[in-house]
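According to TrEMBL, the protein has these features:
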COMPBIAS  A:328-337  compositional bias 'Basic and acidic residues'
DOMAIN    A:3-57  domain 'HTH lacI-type'
REGION    A:328-348  region 'Disordered'
Protein chains: 2
Amino acid sequence: MGMTIKDIAKKCGVGVSTVSRALNNHPDINPETKKMILKTVEESNFVPNNSARNLKRTDSKSIAILVKEIDNPFFATMMRVMEKKIRKQKYSFFIQHMGKDQDEVDTALELIKEKKLRGIIFLGGDFRKNKERIAKIKVPFVVSTSAFDKLPEKCIASYVSIDDRAESRKIVDHLCETGHKKIAILASDKKDENIGKLRLEGYREALKAHGLEVDEERICYLDEEDTTYSMENGYRMMKKLLKKETEFTAVFAISDLMVIGACKALLEEGKRIPEDVAVAGFDGLDYTGFYQPAITTMAQPVEEIARQSVGILFDMIETKKSKEGKYLPATLKERESTTGGRRKWKQD
Amino acid sequence: MGMTIKDIAKKCGVGVSTVSRALNNHPDINPETKKMILKTVEESNFVPNNSARNLKRTDSKSIAILVKEIDNPFFATMMRVMEKKIRKQKYSFFIQHMGKDQDEVDTALELIKEKKLRGIIFLGGDFRKNKERIAKIKVPFVVSTSAFDKLPEKCIASYVSIDDRAESRKIVDHLCETGHKKIAILASDKKDENIGKLRLEGYREALKAHGLEVDEERICYLDEEDTTYSMENGYRMMKKLLKKETEFTAVFAISDLMVIGACKALLEEGKRIPEDVAVAGFDGLDYTGFYQPAITTMAQPVEEIARQSVGILFDMIETKKSKEGKYLPATLKERESTTGGRRKWKQD
DNA sequence: TTGTACGCGTTATCAG
DNA sequence: CTGATAACGCGTACAA
C-alpha cells in the first residue's frame with residue numbers, strides 16, 4: 001500500500017536525499033536526474049507523506065483558516081477572498097471547520113504544532129471568554145468578524161470586525177428618523193454575550209438617544225434551545241409578537257435571516273411593508289436586496305474584512321508584533337422596507 | 001517552544017511510554033501515576049504532535065469530508081448532519097475545504113496517507129472526468145450530491161444524490177400540467193457537463209413528453225465567464241429574456257438562487273407572479289418558502305443524502321466492497337408561484 | 001505496572 | 001552535484 005521515498009530511490013538507483021531534492025525543488029540537483037526521478041514518481045503513484053514532512057520541517061510558510069460557524073452566510077465569500085490573497089503571497093494554506101462543541105484554542109494549538117503554521121485566521125467563534133487559554137497561542141492570529149474587548153497580552157494578535165453596537169445603533173437611528181416611535185426588535189437569546197448582545201445594546205442606545213423609552217414588551221428574544229439566527233426563528237418570533245398585540249410600527253431584526261422570516265409572518269397577517277410596519281435587518285445578505293420589497297439592512301464590508309484580516313496577519317508575521325484591532329464601517333442600505341421610496345413614512 | 005513527550009516524562013520522573021499510555025487511555029497503567037502525569041501535562045501546556053502520531057499510527061478510525069464548492073447553500077446542513085452521525089460511530093473526523101482549482105483526487109490522496117483515513121466523503125466536485133486518476137484512491141469513499149455515470153472499478157466507492165434529470169423533468173411536468181405551453185428556462189452555461197446539463201435535459205424531455213416543441217429562444221444560458229448559480233445572474237438573465245420579448249408564461253430556473261433573482265426582475269417589470277408568469281426553482285432552499293409569493297421548487301432531501309452518505313461509507317468500510325449508487329427522491333413543493341393557491345392557472 | 005529502544009517517512013547536515 | 005546518516009516526536013514491542 002505504501003510507496004515511500006525509499007522505494008523511489010531504489011527504483012531510480014539514487015539516494016533518498018536526491019529524491020527529496022527533486023520533490024522539493026531544491027536548486028543543487030542535476031536537471032536530468034531530477035526529470036528522471038519526477039517521471040518515475042509520476043508512474044509509481046507515489047504520494048509523499050505529509051505527516052513525516054511536517055514532523056521534520058521547521059519552516060512551513062503556511063497559514064490556516066479556522067471556521068467555526070458554518071451557518072454564517074457570508075463566510076463563503078470571505079473564504080474565497082482570503083484564499084486569493086494568501087495564494088498571492090506564495091503561502092500555502094488550508095481551511096478547516098470545527099464542530100459546534102469543538103474548542104477553538106485546542107484545535108488551533110494542535111494544528112500549529114502539526115503543521116508548523118506561521119499564522120491563523122479565526123472565522124467565527126467566541127473569543128471574549130477563554131482569555132487565559134488564548135495566551136497559549138504563540139503564532140500570530142487574527143479574529144475575523146468578531147472583536148476582542150481588549151487584545152490578549154502576550155499574544156501576537158488582532159481582529160477585524162464591524163462595531164456591532166454602533167452600527168446597530170445607526171440602523172435603529174434610521175428607523176427613528178423616519179418617524180417611528182414604537183420599534184420592536186428581534187434579538188438573540190437572553191444569555192448571549194456575543195454580537196447579539198451588542199446589537200441589542202445598540203438598539204437600546206438609539207432609542208434613548210431619541211428620547212424614546214425602551215418597552216421590554218417589544219424586545220423578542222430567541223429561544224434558548226435554538227439560538228440560530230434563522231428565517232424559521234424570525235418567522236416564529238414575529239408571529240408571537242403579533243399575537244401579543246403589542247403596538248409597533250417598525251421592526252429591527254438583528255440578522256437578515258430572521259428579518260426574512262419576520263416579513264413572511266407580517267405579510268401573512270395582511271400587514272403591508274412598510275406602510276403598516278417598516279422592517280430592517282442586519283448583515284447585508286444578497287437576498288435582502290432581491291426581496292420584494294427590498295429590505296433595509298446594515299451591510300457588513302465582507303470582502304474588506306477578509307482582505308484586511310489577511311493583510312494584518314502577514315503584517316504581524318513580519319513584525320512579530322500585535323496590531324491594533326480594527327473596526328470597519330458597515331454601510332446602511334436604505335431600501336423600500338423602511339423608506340417605501342419616500343424619505344419618511346411615519347410622521348405623527 | 002516545543003514541549004515534547006520526553007520533557008513530560010522527565011518532569012514526572014517516568015518513562016516516555018508511561019506518558020504515552022496516560023495520554024492514550026491505555027489500560028495497563030497505575031491510575032495514580034496516570035493522574036499525576038495528566039496533571040503535569042495540563043500544567044505544562046503540552047500539545048501532542050499529530051504529525052508524529054499519524055506517522056506512527058496504523059489504525060486511525062477517522063474519516064474526512066472534502067468540500068469543494070463552498071458556495072453551495074445546503075452544504076452547511078449536510079455537514080452538520082454528517083458530523084453528528086460520524087461522531088455517533090465513535091469515529092474522529094474533520095472537514096476540509098478545497099479551492100476551486102485544487103484537484104480533489106490529489107488532496108484526497110495526500111490526506112489519506114497523512115491521516116491514515118478509513119474513508120472519505122466528497123461534497124461537490126466533479127467526478128465524471130478524471131476516471132483513471134480516481135482509481136488511485138484505495139480507501140472507501142462516497143460522492144455526495146453528485147453521481148457517477150458508472151462506479152469506478154477497482155475502487156470501493158458509491159454515491160448518493162438526486163436524479164437531477166428526472167427531478168428536473170418532474171418539475172417542468174408540473175408546469176406543463178398547470179397549463180403552460182411556453183416555458184422558459186434559466187440554465188447553466190453551455191459547456192457545463194455536470195448537474196446543470198442534466199437539469200436542462202430534464203426540461204427538454206418534459207416538453208417533448210407533453211408534445212411541446214423546444215424553442216431555443218426560451219433557453220437562457222449562464223455566461224461562461226461567471227458560471228455561478230447566483231441571484232445576481234438569475235436577475236440578469238431574466239432581464240435579458242424580457243428584453244428579447246420572447247413569449248413565455250412560465251420560467252424554470254435550475255437553481256433556487258437564480259429563481260430569486262428572476263423574480264426580482266419580473267416584479268420590477270410589473271409582471272405578476274404567477275398571474276403573468278409562473279415561476280419555479282430547484283434545490284429547495286428555505287428562502288423560497290419565505291419569499292412572497294412562496295416559490296415552487298424541487299427540494300433536495302438534504303439531510304437524508306447526508307445521512308445515507310455516512311451510512312453507506314461505514315458499510316463499505318466494514319464490507320470492503322462497493323455499494324450500488326443511490327438516487328434519493330426529491331420532493332416537489334407546489335407553491336403559490338405556480339399554483340397561486342388554485343390548481344391550474346393557464347388553461348387555453 | 002513500568003522503562004528502553006527501535007522505527008514510522010521525511011528533510012537537513014554533512015562529507016564525499 | 002550526490003549519498004549516507006542523524007534527527008523530528010511519538011507509539012509499541014520487549015524486556016524488566
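Every residue, even glycine, has its Cβ placed from backbone N, Cα and C.
All TrEMBL annotations are machine predictions without curation.
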Against which stretches of its own chain does the compositional bias 'Basic and acidic residues' (A:328-337) lie, if we need a Cβ under 8 Å and a gap of at least six residues from its ends? 160-162, 167, 170-171, 174, 263, 273-274, 278-280, 284, 288-289, 291, 293-301, 304-305, 308
With DSSP, how much of the domain 'HTH lacI-type' (A:3-57) is helix, how much strand and how much coil, in residues? 36 helix, 0 strand, 19 coil
Taking helix as H, G and I and strand as E and B in DSSP, count the residues of the compositional bias 'Basic and acidic residues' (A:328-337) in helix, strand and coil. 2 helix, 3 strand, 5 coil
Whole-number mean pLDDT, the domain 'HTH lacI-type' (A:3-57), equals 93
